Ligand code: 13P
Ligand code: 13P
Ligand code: MG
Ligand code: MG
Ligand code: MG
């Protein structure tokens with residue numbers, strides 16, 4: 001059976017501030033999508049919450065970029081926005097950047113990760129969902145899952161993975177993408193995806209037979225809206241087992257927290273903390289950034305699950321380390337590298353402050369010549 005798995009997410013109002021989602025919003029969305037399951041338009045649907053964001057996980061046979069499926073998610077979020085407005089929740093309708101739906105939610109605010117595949121005899125998938133961060137947060141773990149044999153033993157042990165995986169990398173500034181095949185183009189891949197403010201992995205494919213392995217949301221709200229309207233808290237879907245990394249290989253990168261962009265006002269670097277569904281409530285300095293992992297077995301398109309995969313004491317150490325990293329970074333206060341570099345602050349309210357001071361700047365030293373590009377000028381080894 002050929003099915004499509006679509007995950008569409010949005011923040012349509014925070015409870016309280018940016019820390020959580022009010023239960024009435026979750027109920028509204030659940031009821032709305034369950035109606036579509038009853039009508040037979042969707043095979044199944046499941047709703048996840050991480051921080052102040054809600055994700056709708058849907059299975060169906062309409063393919064990716066379906067107007068029907070995107071329309072269902074859009075209307076569900078619109079309904080939830082009505083409730084959020086009534087309760088005066090914070091930033092009601094925050095991620096719905098357009099007033100009218102026009103066929104596809106891409107570029108309209110909500111985040112999307114979708115893949116179409118032939119359901120295997122057993123089809124385990126993991127939906128990752130993060131709050132207070134950006135799509136490039138997935139760059140490091142996707143590399144480790146699909147290209148680093150020191151993390152994913154299957155790359156060595158499973159012959160189906162020996163040909164490696166191809167990564168589709170999006171340049172979020174230009175909208176252009178490039179496909180890089182690993183292991184042969186591993187270093188080119190890392191050269192790009194280490195630049196987290198610009199490049200984000202969009203999808204991963206198995207070289208052996210071209211099967212889709214993973215897909216992530218890559219929308220940049222600030223680039224759509226032209227100003228800061230909250231962070232692009234991302235989702236990602238990864239298929240597991242039998243020619244793909246095992247569930248434990250997919251989760252392993254999260255056992256060692258790393259630093260991602262986001263946190264307070266979307267303007268800070270902070271550790272990504274893997275948490276249970278219950279603990280996906282970022283409150284310390286609006287964070288630190290959280291990630292949940294929802295495991296499903298798909299059976300004839302039905303979503304068997306979710307299993308709360310980070311609800312395991314084996315991730316306690318990662319949570320503890322993330323707390324320590326959070327303390328270290330918080331020590332920096334408003335100073336870089338805790339606060340994001342100025343180029344990344346362009347889409348916050350900081351430019352307004354610079355504008356205010358513009359007239360008050362005066363010449364103290366001779367004007368600086370433009371700095372030349374050192375790479376062009378000299379060969380640096
Ligand atoms: P079990 O023997 O528990 O099924 O484990 C198999 C396996 O491959 C674990 O990675
Ligand atoms: P969200 O993107 O999760 O709404 O966070 C916005 C923010 O400013 C947090 O401090
Ligand atoms: Mg919010
Ligand atoms: Mg959020
Ligand atoms: Mg957000």
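In case you wondered, yes, glycine gets a Cβ from its N, Cα and C as well.
A TrEMBL annotation is a machine prediction, not a hand-curated record.
Annotated Mg(2+) 2 binding in TrEMBL involves 52, 53, 233 plus, out of the candidates 131, 311, 312, the residue 131. Record check, TrEMBL: beta-D-fructose 1,6-bisphosphate site residues include 18, 90, 103, 104, 265, 286, 347, and the candidate from 132, 160, 317 also listed there is 132. In the record from TrEMBL, residues 11, 18, 52 bind Mg(2+) 1; the candidate from 34, 94, 219 listed for the same site is 94. You'll find the Cα of residue 286 (dihydroxyacetone phosphate binding site) roughly 15 Å from the Cα of residue 11 (Mg(2+) 1 binding site). Spatially close to residue 131 (Mg(2+) 2 binding site) yet at least six residues away along the chain are 50, 51, 52, 53, 233, 280, 282, 289, 290, judged by Cβ distances under 8 angstroms. Residue 104 (beta-D-fructose 1,6-bisphosphate binding site) sits 26 Å from residue 18 (Mg(2+) 1 binding site), taking the CA atoms of both as reference points. Summary of the Mg(2+) 2 site environment: with the site residues 52, 53, 131, 233 set aside, the chain residues having Cβ atoms within 8 Å of the Cβ mean position are 9, 11, 18, 50, 51, 130, 132, 231, 282. Ligand 4 lies under 6 Å from the Cβ of the following binding-site residues, listed in sequence order from 90, 232, 233: 233.
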